[in-house]
Protein chains: 2
Amino acid sequence: MTWVPGAADSLFGLDNLPYGVFSRPGEPARVGVRIADQVLDLAPVAELGDPASELAVAWRTPSLNAFMATGPAQWEVARRWITEVLRDDAHQERTAPHLHPLAEVQLHLPIQVGDYVDFYASEQHASNVGRMFRPDQEPLLPNWKHLPVGYHGRSGTVVASGTDIVRPCGQRKAPTEDEPTYGPSRRLDIEAELGFVVGVPTALGERVSTADFAAHTFGVVGLNDWSARDIQAWEYVPLGPFLGKSFATSISHWVTPLAALEAAWTDLPGQDPRPLDYLAVTEPAGLDIEVEVVLNGVVVSRPPYASMYWSPAQMLAHTTVNGASVRTGDLWGSGTISGSERDQRGSLLELSWGGKEPFLLDGVERTFLEDGDEVALRYTARGPSGSRLGLGEVVGRVVPAT
Amino acid sequence: MTWVPGAADSLFGLDNLPYGVFSRPGEPARVGVRIADQVLDLAPVAELGDPASELAVAWRTPSLNAFMATGPAQWEVARRWITEVLRDDAHQERTAPHLHPLAEVQLHLPIQVGDYVDFYASEQHASNVGRMFRPDQEPLLPNWKHLPVGYHGRSGTVVASGTDIVRPCGQRKAPTEDEPTYGPSRRLDIEAELGFVVGVPTALGERVSTADFAAHTFGVVGLNDWSARDIQAWEYVPLGPFLGKSFATSISHWVTPLAALEAAWTDLPGQDPRPLDYLAVTEPAGLDIEVEVVLNGVVVSRPPYASMYWSPAQMLAHTTVNGASVRTGDLWGSGTISGSERDQRGSLLELSWGGKEPFLLDGVERTFLEDGDEVALRYTARGPSGSRLGLGEVVGRVVPAT
């Protein structure tokens, strides 16, 4: 239990403690930890106490990168110390002045992103897309069950939750059109994903085995991979998505450390054929995380992360199997999370079956995003003793093309 | 003319002046400019004279990014001042102590890379690859002449010329094999490209028109996009190249400023159909740059950059047409440069026609790269009055898989 009011009934209690970057009016941005609806300013509290001064220095910076680079031993020191400070009444008097209501602070992009890779790890999502885009072929391409298919996205346009999304312009060509035209995307979409953040870097030529996942991965964020389906469909052969995705990728303000997710690990749905040795994992390798896709305040889908075919440890092992190095702040997305039911699909492309089967939103037929739409992705993970923990939500509003 | 000995007959004379980052033993890395076979340590010389102190501060840092961010007006101030200092004998006495032979300095990666995008702008290269990979279809896909096809690569594994290239491991599946296997790439290749470096950033939502190319682009580098063809062929559908490229991309130590290339502009080969308005360019929009692909000391190909279909200004305009921002240090590659003749092809894949038509190297049949091979890419551009200017070369040696 904690002396912080409201924490006991919160999705952000003492078992959770996600990190973020915040500022107060006129003050520099620095690292904080969330408890209930407040953020604890970590550096000044650390300077009152006894954690390694390395931590206080890292927490004074405007991104989590310096802290994430300290590695798992320091992450554990930090979490144990924060838990103690927030649990023990003896700390309350000198700590409470450094707790600020979320309503009174500004939250920022929590990490300085290195490389951003996006995967395609949901069998249901990949199958749905295959059925729509290549109706005359097997839904899954031959490589899909042998490796976690992924590609690099644009790290410079990863933005914090709350950033408005300007409808992108570009070349679009519908199958019924002879020539491409230039204009605003007519098929703007979301992809509900989970993102994973690298803490500990590697050298060029080094590989991260699936067993070393937690030695390099700091935590998870909510992630919305905004997608312009018409731009993407015209541009993507043969080198993959580019402008259809690169205009914006939103992530949550809060990074949930892996330590908070210990109770959330669950078995994968099962992999057949058995992957090559470098992709072998020890179960539980999946995560029990529930997602809600909320469009203009209405829940339109509840994708279950536990249904994902490829595990995060496999994605990191695959990314580095060729000797590619990772850096602190590298981010990878899981790919759209879609379950087997229609109301578990993580994109409007799937919810509206390519726009051909509109879904109802407050009684109105909808397909892709309209200007003014607000999308929120909300996440909860299985916590200790059957509780649920909140992950950072990802919000974005569509504004008209300029 | 300059008082620096050897500059008159050099590919790196007073008309050239590329920038790089160097260090001397025990000293920090900082910005220098190349003249003949020497590097001028810019910051201490600037502090003796009168250029804006902003420049001296930027030149004391270990990458070109701070200097590149100052923008075209400062780039011109710097170039005019450097030219004056190296031309006028009055500067010789106090400047000469800051000139260091290249043999006595270490050269570093010149830029801190933001996002790295790789294009596919040679019609001959795209056609050759299409003929080999999709023999039953039109060589060029329907989008190819409407937009410069490109994708994001891994910025964290962009390395400086001279870095050894460890043969990558990964999943490979030949068409004749039933299942993929894990192991070192058997089809390691090069791609001879030119790279372009962004100096002046944009905000999210802003577009860079083709006319504003020079207001944002600082200069060019040599670029070798190392490629594992077997890994790439198995992984690349439907999301594009990933591990087949992400293990390493080499760039030259020297960044040639656009100002040095004023005489190199030449007309594009011609674009039909006419591209959409946002891709319209004023000729001359291409570059007369000759490339030599040198394998173990033997020139095996001479790709002409002037044959490229899409211009660099079109690549930058396309990258930002959806509102994606660019950052100082963003890098884009042209894609493999291949001319219409066999001895103008910029990859071993094309030179050996997928390994089926070996080429002769010192009388020995060769296809893909072998351990111990050293590849050098050398570039010259048309300079003023019919002279040629050297661009930074890109060297890399293949070492065995680990």
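The backbone N, Cα and C atoms fix where each Cβ goes, and this holds for glycine too.
Annotations in TrEMBL come from automatic prediction, not curation.
Pulled from TrEMBL, these are the features on record:
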type: DOMAIN; residues: A:16-110; note: domain 'Fumarylacetoacetase N-terminal'
type: DOMAIN; residues: A:117-397; note: domain 'Fumarylacetoacetase-like C-terminal'
type: BINDING; residues: A:D118, A:E191, A:E193, A:D225; note: Ca(2+) binding site
type: BINDING; residues: A:Y120, A:R134, A:Q232, A:Y236, A:T336; note: substrate binding site
type: ACT_SITE; residues: A:H125; note: active site, proton acceptor
type: BINDING; residues: A:D225, A:K245, A:T249; note: Mg(2+) binding site
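Using the Cβ center of A:D118, A:E191, A:E193, A:D225 for Ca(2+), the list of other same-chain residues with Cβ within 8 Å runs, in sequence order, A:A192, A:L223, A:N224, A:S227, A:K245, A:T249, A:G333, A:S334, A:G335, A:T336.
A:Y120 (substrate binding site) sits 15 Å from A:T249 (Mg(2+) binding site), taking the Cα positions as reference.
Only A:K245, A:T336, from the binding-site residues A:R134, A:Q232, A:Y236, A:K245, A:T336, place their Cα within 10 Å of the Cα belonging to A:D225 (Ca(2+) binding site). Listed binding-site residues A:E191, A:E193, A:D225, A:Y236, A:K245 compared with chain B at a CB cut-off under 8 A give A:Y236 as the close ones. The secondary structure of A:Q232 (substrate binding site), as reduced to three states from DSSP, is helical.
Using a 10 Å Cα-Cα cut-off from A:T336 (substrate binding site), the recorded positions that qualify among A:H125, A:E191, A:E193, A:K245, A:T249 are A:H125, A:E191, A:E193. Confidence for the domain 'Fumarylacetoacetase-like C-terminal' (A:117-397), expressed as mean pLDDT, is 97. When other Cβ atoms within 10 Å of the Cβ of A:E191 (Ca(2+) binding site) are tallied across all protein chains shown, the result is 27. In terms of local Cβ density within 10 Å, A:E193 ranks first among the binding-site residues A:D118, A:E193, A:D225. Counting every protein chain shown, the Cβ of A:T249 (Mg(2+) binding site) has 27 other Cβ atoms within 10 Å. A:H125 (active site, proton acceptor) carries a helical DSSP state (H, G or I).
The shortest Cα-Cα distance from A:E191 (Ca(2+) binding site) to any of the binding-site residues (A:R134, A:Y236, A:K245) is found for A:K245.
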